[in-house]
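These come from TrEMBL:
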- 59-80: transmembrane segment (TRANSMEM)
- 101-118: transmembrane segment (TRANSMEM)
- 124-142: transmembrane segment (TRANSMEM)
- 154-171: transmembrane segment (TRANSMEM)
- 177-204: transmembrane segment (TRANSMEM)
- ASN208, ASP269: Mg(2+) binding site (BINDING)
- 216-234: transmembrane segment (TRANSMEM)
- 240-258: transmembrane segment (TRANSMEM)
- 290-312: transmembrane segment (TRANSMEM)
- 343-363: transmembrane segment (TRANSMEM)
Amino acid sequence: MLKLYHKLLFFSIRLTVFNKRNVLYYHRFLNLPYNVYVKEHEVMIYYIVDTAYMREVTFASILFAFFITCLSIYWGQNALPRDQGRKFAVNGAKSAGKPRGAGIIFILTFILSCVLFIPLNNELLIYLILVLAAMISGYLDDSSASPWGELKKGLIDFAIAIMAAVTYLNYNSNSIWIAFANAEVTIPKVVFGILIVILVWASINVTNCSDGVDGLCGMLSCITLFAAYVLFTHYVCDTYFRDTILIMIVAILAYLWFNASPSKLLMGDAGSRAIGVFIALTFLKLERPLLFLPLAIVLILDGGLGLLKVSLMRFLKIKILKNVRTPLHDHVRKNLGWSDAQTVFRFSIIQMVIAIAVAYFLIIS
């Protein structure tokens, strides 16, 4: 009788609330069993485990993602292409000969873990495909004898960003929350779509540009994603997408086990571009995309200043930051004498302090 009551209540909610996300809110608010909602999704693990054990399944997915990534990297690293070194980067010669493109391993294990453990609807499935597409394009660049041109990579990033915008607007409203003002704003769909394209494209490229020091891109991405996860929990956003954040974090941490300075291998564009896509999608699903600015500020400054500098010079003939080497991680190592470890720790500390301050302001105060 109790199960029948839950089913009737669930369908009565669906009659009055057409947004699936709102159904999830009701199910959490009323403390209903997870299987009341999960049955609208497909996930392999729930063919053998009751959906009432959602917390235990998520716990298992975290451990699975970490250990399968570690084992996959350990066994598969010798099959990766070798880095040629970066001619103009600080200490770029140190990377020469190391396996490159490890992103293909930890992104594939991330996707496998999501398919096995996370209830997938059409929207989430498309997002995983977009992350996969970014990884594949990045890996093809990593394994190419000569690096791809900026135009080619930019067009691929643009196509992925457009698909992300179309998918998000198809499954979600065109309203966002201004977190610090606690106000909801509705944006015309066309304008919102353009802003989403900019967000995704920028996230891909700033994340990619920050991947120049052992452990830097991975650590900053983990801090940014965990801060977003905390806010997902606070705002009761999409529970299943929230769990994919944890899986991505532990997959990156498994990679960092091998990438800690001095690194044994590099994520390459296969990792950094896919992570960039996922970070952008995370803040969209958080419904507060403007939080990307403070919670990824170090990634933005480290990778974005170089993009801004080159763009202004190329298109407007304006020179800025003449005495600043970009990316910033090259500037602090070359001009300030920081070691690789100091760069990673100090950049991470800055991002962590900002993330803690933002979380405190939004959750506690």
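Cβ coordinates are placed from backbone N, Cα and C, and glycine is handled just like the others.
By the Cβ criterion (distance under 8 Å, sequence gap of 6 or more), the transmembrane segment (240-258) is not counted as touching the transmembrane segment (343-363), fewer than 3 such pairs being found. Contact between the transmembrane segment (177-204) and the transmembrane segment (290-312) is supported by 3 or more Cβ pairs under 8 Å, counting only residues 6 or more apart in sequence.
The transmembrane segment (101-118) and the transmembrane segment (154-171) are not in contact, since fewer than 3 Cβ pairs between them lie under 8 Å (pairs 6 or more apart in sequence). Same-chain residues lying 6 or more positions outside the transmembrane segment (216-234) and placing a CB less than 8 Å from one of its CB atoms are 207, 210, 241-242, 245-246, 248-249, 252-253, 255-256, 259, 267, 271-272, 275, 278-279, 282-283, 285-286, 288, 291, 295-296, 298-299, 302, 329, 343-344, 347-348, 351-352, 355, 358-359, 362-363. Taking Cβ pairs closer than 8 Å, the transmembrane segment (290-312) reaches residues 176, 178-179, 199, 202-203, 205-210, 216-217, 220-221, 224, 227-228, 231, 279-280, 283, 318-321, 324, 326-329, 347-348, 350-351, 354-355, 358 in its own chain, all 6 or more past its ends.
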